[in-house]
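Here is the structure we will look at, set down as structure tokens.
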């Protein structure tokens, strides 16, 4: 492995590119790989990601690289920033090139498709238990990270040394703070469920329900996230942090969120395909909705908001009817 490369980022979309830019600005030589060779070659030529992060110039220490084997041989620190539905596929791609020295982190927000398993379980299944694992999650929009605007995230993992090392790579005293969490499950889960609730917030606003309804939805969405997390062994208090409440509020209230905009379009009467085309990038919450629904039903946890969003997206339920069914539920203790 090369001595000078600090980390390789796998995933050259908006968020992967933004995190790579941030790492390089922190003084860490960084490689950036993506599955489309022509896209990486454009990044090499343009020294920016014009498609996803226009006008953000790459620092000198950031190098786009087309060869996956070269990227993995250059450093032991690997960061996956790919959609959750291809997370397992990318792990299978890199597995032949891994050595016992490698350490695997991800900033992917989601669960395994169909099963709803945590990505930690997916990684362990594919790679075995030898490799240290870590996750980075929190209230972050790619463009704001790329611009160097103040940002804070949570980092959690299977091994404290690696968790601390990843946190240190991102942390600086100017605009990027990292908070280390000891709750690996909570930090993984928050990023998936908040995407679903953000679609719901968009749906509510698209229907014209107003700020009261949006706030109620966020609050009850946090309750659903917490209930699911505790059932999986997470601590209730963990969901009040960056990867829980922080990410939930950001994604539900700002139109930089693809998930919120997707829900907004649906609430205004557009179809699923038309809404996805309008967004123009992956809407993680669409798949996350099915993942969370499957997980909650598998372990028997009631999540009425997520359930109604699932019915809208996957069973053609009318948006207004889903809203009415939520509003007509029997009163209950908070």
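In case you wondered, yes, glycine gets a Cβ from its N, Cα and C as well.
Listed in Swiss-Prot:
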type     : residues                               : note
ACT_SITE : 194                                    : active site, proton acceptor
BINDING  : 14, 15, 35, 109, 142, 258, 282, 284    : NADPH binding site
BINDING  : 109, 138, 140, 194, 247, 257, 258, 259 : sn-glycerol 3-phosphate binding site
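Structural mapping of features recorded in Swiss-Prot.
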residue	record	DSSP class
35	NADPH binding site	coil
109	NADPH binding site	coil
138	sn-glycerol 3-phosphate binding site	coil
194	active site, proton acceptor	helix
258	NADPH binding site	helix
282	NADPH binding site	coil
Position of peak Cβ density within 10 Å, selected from the recorded positions 35, 194, 258: 194
Cα-nearest neighbour of residue 259 (sn-glycerol 3-phosphate binding site) within the listed recorded positions, 142, 194, 282, 284: 284
Between residue 142 (NADPH binding site) and residue 257 (sn-glycerol 3-phosphate binding site), the C-alpha gap once rounded to whole angstrom: 10
Pairwise CA distance, residue 109 (NADPH binding site) versus residue 140 (sn-glycerol 3-phosphate binding site), rounded so that it is a whole Å: 11
Number of Cβ atoms other than its own within 10 Å, given for residue 14 (NADPH binding site): 22
Of the recorded positions listed as 138, 194, 257, the one whose CA lies nearest the CA of residue 14 (NADPH binding site): 257
In the chain carrying residue 284 (NADPH binding site), residues 6 or more apart in sequence that have Cβ under 8 angstroms from it: 83, 84, 109, 110, 195, 258, 259
Whole-number Å value of the largest CA-CA distance among 14, 15, 35, 109, 142, 258, 282, 284, listed as NADPH-binding: 22
Separation of alpha carbons, residue 194 (active site, proton acceptor) and residue 257 (sn-glycerol 3-phosphate binding site) (Å): 11
Cα-Cα distance linking residue 194 (active site, proton acceptor) and residue 282 (NADPH binding site), given in Å to the nearest integer: 16
Rounded inter-Cα distance in Å - residue 35 (NADPH binding site), residue 140 (sn-glycerol 3-phosphate binding site): 23
